[in-house]
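Residues annotated as NAD(+) binding site in Swiss-Prot, with sequence analysis given as evidence: S11, G12, N13, I14, S162, A163, G164, P165, G166, T167, R168, A169, N170, N289. The active site, acyl-thioester intermediate annotation in Swiss-Prot covers C131 and rests on sequence analysis.
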Amino acid sequence: MRKRKVAIIGSGNIGTDLMIKILRHGQHLEMAVMVGIDPQSDGLARARRMGVATTHEGVGGLMQMAEFADIDFVFDATSAGAHIKNDAALREAKPGIRVIDLTPAAIGPYCVPVVNLAANLHQGNVNMVTCGGQATIPMVAAVSRVAKVHYAEIVASIASQSAGPGTRANIDEFTETTSQAIEKVGGAGKGKAIIVLNPAEPPLMMRDTVYVLSELASQEAIAASIAEMAAAVQAYVPGYRLKQQVQFEVIPEDKPVNLPGIGCFSGLKTAVYLEVEGAAHYLPAYAGNLDIMTSAALATAEQMAGAMHSAAGATA
């Protein structure tokens, strides 16, 4: 079976971690080119040491390389603004190329593998939302498949040391993109996202808190749905886990809570507490926020490549 060759744009924390994952665990994918803009970056140096072709001339440099002719997938781990330009350039040069967007640009549909990958297997560009989105949206979706969700709020706390310049430059885009994906993918009527960069030393693991306000429903059914969803995420992010039991609170009709911009709410409040430990392929285990992004992106591209192989076999 022919593996699909991939290029990664962005030689920072996320791009380098993703490269190592593909080299170690790629089933349908083969690492071909690492693209950066800083010739002194550690990511490009590491790629060269691992036998991967590199360029420090950005997307323009990639498209001038002989390897570009065989590239089927491109992962973009740059920034939201850069991705818009990168996608346009790539698509003009190679209209059928598959682009996995790890920035908050969201040109293509949001993709959270355990929730909606099957519906997006044939998209030319998919957006991996954000680290907070990949961790928390499955939990919102787990509740929404049991009861109608009116409001969901997530708080993602990540170690400051794990946030590179790209993450820091995209804080506003992080909150906007995650909030929208909570609604579009998670199924919430209204979504809100908050990110906290925790400067604690030694660095703490990624922690996520998910609050969901829904119609009254069986607490046992919701807890079971959440446990099932957590296990599905663990299939590609082994360090993903529920930190404690799911907490429930019934909000009675005669004592509703007032949500600014939404109105009064009564029903069921569900609180989910998560911890994400990284696989430590490139950065330490506390950087679960990077690990869940790269793991989700790899799972997405692997399934896309598998679908392409199956389709090619069917038409052969």
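Note: Cβ is positioned from N, Cα and C throughout, glycine not excepted.
Distribution of Swiss-Prot features across the structure.
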residue : record                                   : Cβ contacts under 8 Å, 6 or more apart
S11     : NAD(+) binding site                      : M34, V35, G36, D38, S41, D42, G43, L44, A47, T54
N13     : NAD(+) binding site                      : S162, G164, Y282, L283, A287, L290
C131    : active site, acyl-thioester intermediate : A156, I158, M206, N289, L290, I292, M293
G166    : NAD(+) binding site                      : G10, G12, I14, A77, T78, S79, T103
R168    : NAD(+) binding site                      : L197
N170    : NAD(+) binding site                      : S79, A80, T103, P104
Students should find that the Cβ of S162 (NAD(+) binding site) has, within 10 Å, a number of other Cβ atoms equal to 24
What DSSP gives for S162 (NAD(+) binding site), in three states, is helix
If you count the other CB atoms within 10 A of the CB of G164 (NAD(+) binding site), including all protein chains displayed, you should get 17
Record-listed NAD(+) binders S11, G12, N13, I14, S162, A163, G164, P165, G166, T167, R168, A169, N170, N289 have a maximum CA to CA distance, in Å, of 17
DSSP says S11 (NAD(+) binding site), in three-state terms, is coil
